[in-house]
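Chemist: Pasting a structure here, questions to come.
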C-alpha cells in the first residue's frame, strides 16, 4: 500500500470530526466527505504505519443520506465537514458521537441520551466569524493546514460578512495595506473578526503593529458597505505566532462592544469575551439548562466559567442568588455591567480560576444548591470537580459541554463523588460541522 495507489473501499464508520473510515486488509483508511455504507473510489494521499488517508475520487455507491452541498467552498474550506449529508443523518451522527464517548470513556452502560435538539436553520446562523488575512487574500484555511482558500462569503456566517470582507479587501488594495506574513513577521493585517448582534456588526481588525495607517479610509469604507456597523475596533497582536487575537484593543469608530439579548436579558459583549455563536439555539440551550436546574426561586446558583454572565442572568428570575466565577477579568466586568443593565441585584461575580475560588465559596458559606458548569473544550479537571463535590449543600450539577470526550472524562470523575447523570440532552449549536453541545443533569445519590 503506497501513496497515489487507487482503491475501492466501503465506509464502515466515522471519526469524531466527521471523516469517513474504511479498511483495506484491516488497515484503517480515513476518507473525508463520505458517509457510512458508501462504496467509494479513493487515491491514497498519506500512508503511515498505523493508518492511511484517502482522497475521494468517486462515489460508486452513494448513501441515501448523501446530499449536494449548498456551499461552493465546502470541498476546499476547512470550516465545515458535513454539508454532504442530510441534516437528519447529521443529527444521528452527533447523538452517536455523544453515546460513544459516554460508553467508552465514562463507562456508562446504555446511556439514555435524548434526541439532539435540532436547529431551525443550518445556514447563516453564526453571529461570529473570523477570517485570516494573508498575502494570498482573505478567506478560510483548508482543513488541517494554513493554506488559505480565498473567499468573500461563508454560508454558515451572517449575511453581513460578505460586504464587510469586500470592503476590507478593497481598502487594502486601494491603499496598498500589506497582509501579515506569519513566516517572516512582516506586514500589518492579520485577521478580520466579525461579531453580529441586535445593534449591528462589530468589526475587529487584527493588526501586527499598533500603527494602523489609513484608518479613516477604512472606517469610511466599512460605514458605506451597506450593512449596519455598530463599532470598528483595532486589536493589536504583535506576537510572531499564529494566535489570532492580542490583548490590546483600540476603538476606531462607534462603540467598542456589541449589544444583544437572549430571552429578554440584555447583554453588552466586548470583542474578546465569549458569547455563543448561534443565538436561536443558545436560547434553547439555556432553557434546557434552566429546566434541568430545577429552580424554585430559593436556590443559590454557582455559575462556573460564567463568562459575561449569560447563563446565570438567564436564570436570575428563578434563583435567590447567583455566584459567578470567571478567569477573565474583562468578562467579569462585562458580567457585572450586564447585571446592572438588567437591574438584576442578586448576582455577584469573582475573577480567578474556578478551581482556586471554590475555597472562597466555602469560606463565605454561600452554600450553593445548584452548580452550572460551562467549561472550555478542555473540560473541568480533577481539582475543580473534587472541590465542587466537596460542597455539602450541592445537590445538582448542570454541565454544559462543547466536547463529548472531556465531558465523558469529567462525568466519570463526578461519579466517584456520588454525582450521576439523570438527563443527557445534545443540542446542535453548530450545524454542518461535527461539533455538538451537550447538557447533562447530574444529581447526588
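Each Cβ is built from the backbone N, Cα and C atoms, and glycine gets one as well.
Keep in mind that TrEMBL annotations are predicted by a computer and have not been checked by a curator.
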Chemist: Name the one residue among 276, 281, 287, 413 that TrEMBL lists for the same S-adenosyl-L-methionine site as 305, 326, 374.
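Modeler: Between 276, 281, 287, 413, TrEMBL records just one in the S-adenosyl-L-methionine site with 305, 326, 374, namely 276.
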Chemist: The record names 276, 305, 326, 374 as the residues that bind S-adenosyl-L-methionine; what is their largest Cα to Cα distance in Å?
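Modeler: If we measure all Cα pairs in 276, 305, 326, 374, the largest is 16 Å.
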Chemist: List, in sequence order, the residues of the same chain other than 276, 305, 326, 374 whose Cβ lies within 8 Å of the centroid of the Cβ atoms of the recorded S-adenosyl-L-methionine site.
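Modeler: What remains near the Cβ centre is 274, 304, 306, 307, 310, 311, 375, 400.
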